[in-house]
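Per TrEMBL, the features are:
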type	residues	note
COMPBIAS	1-15	compositional bias 'Polar residues'
COMPBIAS	37-48	compositional bias 'Basic and acidic residues'
REGION	1-56	region 'Disordered'
TRANSMEM	77-97	transmembrane segment
TRANSMEM	151-170	transmembrane segment
TRANSMEM	182-202	transmembrane segment
TRANSMEM	246-266	transmembrane segment
TRANSMEM	318-342	transmembrane segment
TRANSMEM	388-415	transmembrane segment
TRANSMEM	449-470	transmembrane segment
TRANSMEM	476-497	transmembrane segment
TRANSMEM	561-583	transmembrane segment
TRANSMEM	633-651	transmembrane segment
TRANSMEM	682-699	transmembrane segment
TRANSMEM	711-730	transmembrane segment
Amino acid sequence: MASNSIHNQELQDQSPGDGDQHGRHGGHITSPLLRRPSPEITRDREAAEEWEENSPVEQVALTVPVGDDPSTPVLTFRMWVLGAASCAALSFLNAFFGYRKEPLTITAVSAQIAVLPAGRLMAAALPDRAFFRGRPWEFTLNPGPFNVKEHVLITIFANAGAGTVFGANVVTSLRVFYGQHLSFFVALLIIFTSQVLGFGWAGIFRRYLVEPAAMWWPSNLVQVSIFRALHEKERRRKGSLTRNQFFLVAFICSFAYYIFPGYLFQMLTSLSWICWMFPNSVIAQQLGSGLHGLGIGAIGIDWSSISSYLGSPLASPWFATANIAAGFFVVMYIITPINYWFNVYKARNFPVYSDGLYTVTGQKYNISSIMDSEFHFDMNAYEKNGPLYISTFFAFSYGLGFACLTATISHVLLFHGSEIWQLSRSAFQEKKMDIHTKFMRRYKQVPEWWFICILVASVAITIFTCEYNIEQLQLPWWGVLLACAIAIFYTLPIGIIKATTNQAPGLNIITEYIMGYLYPGRPIANICFKVYGYAGPCQALEFLQDFKLGHYMKIPPRTMFMAQVTGTLIAGFIYLGTTWWLMATIPDMCNTELLPADSPWTCPYDHVFYDASVIWGLIGPRRIFGDLGTYSAVNWFFLGGAIAPLLVWFAHKAFPAQKWILHVNVPVLIGATSLMPPGTAVNYTTWILVAFLSGYVVYKHRRDWWERHNYLLSGALDAGLAFMAVLLYLCLGLENKTLNWWGNDLDGCPLASCPTVKGITVHGCPVHN
């Protein structure tokens, strides 16, 4: 085993030659296959066979180590203590920063780095005496040096804390926006049931989304690179840095730099220079604003701005980046301007880019005036106030969401249908496995019935929670079952796209749409249905991604399962506790009309969540997107999304020599702007630029540098930013110490949200005559 590991390290240190590249398109792997090593590199037959069995995805083969030692202790006292602590810490911090104006997601990379010295300190300080020696439950506090498998499992705990807790949006909406009383126990049940529900789907689809080498989950390679840098001993080359040294330098630079966009010079988040040139022009600011407009020329020199919505650009495969870039530029710079300046759906009465709800005169819609005392829709009041309008961009984004859903099903059936059929017929066991799957076959797998039991129990508790609190939650038992049916239908196709492109279409729109038609006038029922139908697959994908990380690092599956379940429960409790505390201690939290102008507690995610509950749940899709609504034509996007992948498939069959056609991933292209809003133009423009430089320029022309440093750089930037952000808040935020100068005006485009049609008067905006 030692010789294999040494040989693998030698292969990792080689620069790829200039041999032929062979594309593999039947399985839709869009990176070239590994080249066969030269005779000089291949030292022995066993090593050559190991290379042949390595992953066909080049990024995986260049990053993930080959080899395993099953005797390495994993379930240790150190792992439990540090895992639970890191999970609790990240849950608190992400809940805390998630309600702020610029939401900050602190990834598990931060905990991954922080626990290493703690683990080594515990290995040096704890006694190694064995307790209950000779008995089945014999254990020791200190089984030896702190090892990489313990470290991986602690990071799995941290991933649970770094994940999104969708049930918290329901709690915030009920208590803050709808003013409902909700007990902590009922809120905790909502959190736990929505989080744990995903385990059922994850267990069902493991064999499709974890074991096949083609399902490579790109973002996992960032953490794998960091594990290697922190645990592998490497001899420093002359004139260069080791991986560990490079990571440390990048971490320190990221940590030191974030004091500028995080406190001293916040305009670095969005440098919208066109606004500076035309300070009195509404149109110029609409074009140039990176936060409230089209973001032409805007750039953010701030890692939190770059990675906040689309994830790390350094972890994105180039073909996925190209699809996102194409989708973004078509929507933002062709379709949106045409719709706006041709006044489609009265677009010029409203901001060019907004998630707000408006009257026809461009004023904010008074939602409370169209609800009765039981939070049901008041038809008479709605007719008196007039129909609800949204910005044309917002309406079009919903249409793209419709198209993305049907495109996902169509794309997966066309390009992955045969693979799914083979796996369903248990043909996977006869197919050639990569080296990582072979190693993992040594361990006991998690039985299917474990997942099924969790699924059945969580569904039963969910139905009980909703029925027992029907006046508060409004969701009947059949709504829970329908949400589960939608989740199980979409988890596999969305998982395939996520596992190969690092992007995942969301189910939020289709769940809102269906429940809005079936159960109109009940906004709280709509958001509960959305959480159970949308959060389940999202949680399943997070669990599957962690399973793949454990797969790469050879963690026993049952141990992984135990850590994931425990971490999910800890994360849910801490997240809700933090939310509860914030709502009790911050006056007017999330209420942008009552908060001070410089208050950070604006809750952007929760505002989008609340607005959607009004559109789909209270007023209902029929009065907005149906036969009684303004935006009925948007429904044609369902058909367009279903047809688009078929056109790509026909093009591939007609022109098989044009390999680039297979790189067109229609769901990713159509869903490129699915995170807008709350994502903004500057988040996309800068992300695309960095992803292009990393995934195409450096990967193509400096492959050796990319192999050694790309994923490490991503992790170091995440960790440095997170540590400085926490430090700034503890030292300055708690004392409310701020700097008031033009460099801290986030965008410098105050007119970007103004309407441009004559006769519309909005506070703070010039009147067009």
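Glycine is no exception: its Cβ is also placed from the backbone N, Cα and C atoms.
Counting same-chain residues at least six beyond the ends of the transmembrane segment (449-470), those with a Cβ under 8 angstroms from any Cβ of the stretch are 186, 189-190, 192-194, 196-197, 199-204, 476-477, 479-481, 484, 528, 532, 561, 565. Counted as Cβ pairs under 8 Å, contacts with the transmembrane segment (318-342) are highest for 682-699 among 77-97, 151-170, 633-651, 682-699, 711-730.
Ranked by Cβ pairs under 8 Å to the transmembrane segment (77-97), the stretches 182-202, 476-497, 633-651, 711-730 are led by 711-730.
Only sequence-distant pairs (6 or more apart) were considered; of these, at least three Cβ pairs between the transmembrane segment (711-730) and the transmembrane segment (246-266) are under 8 A, so the stretches are in contact. Taking Cβ pairs closer than 8 Å, the transmembrane segment (633-651) reaches residues 395-396, 398-400, 402-407, 409-411, 414-415, 625, 658, 661, 664, 666-667, 670 in its own chain, all 6 or more past its ends. Within the same chain, the transmembrane segment (476-497) stays apart from the transmembrane segment (246-266): fewer than three Cβ pairs sit under 8 Å, each pair at least 6 residues apart.
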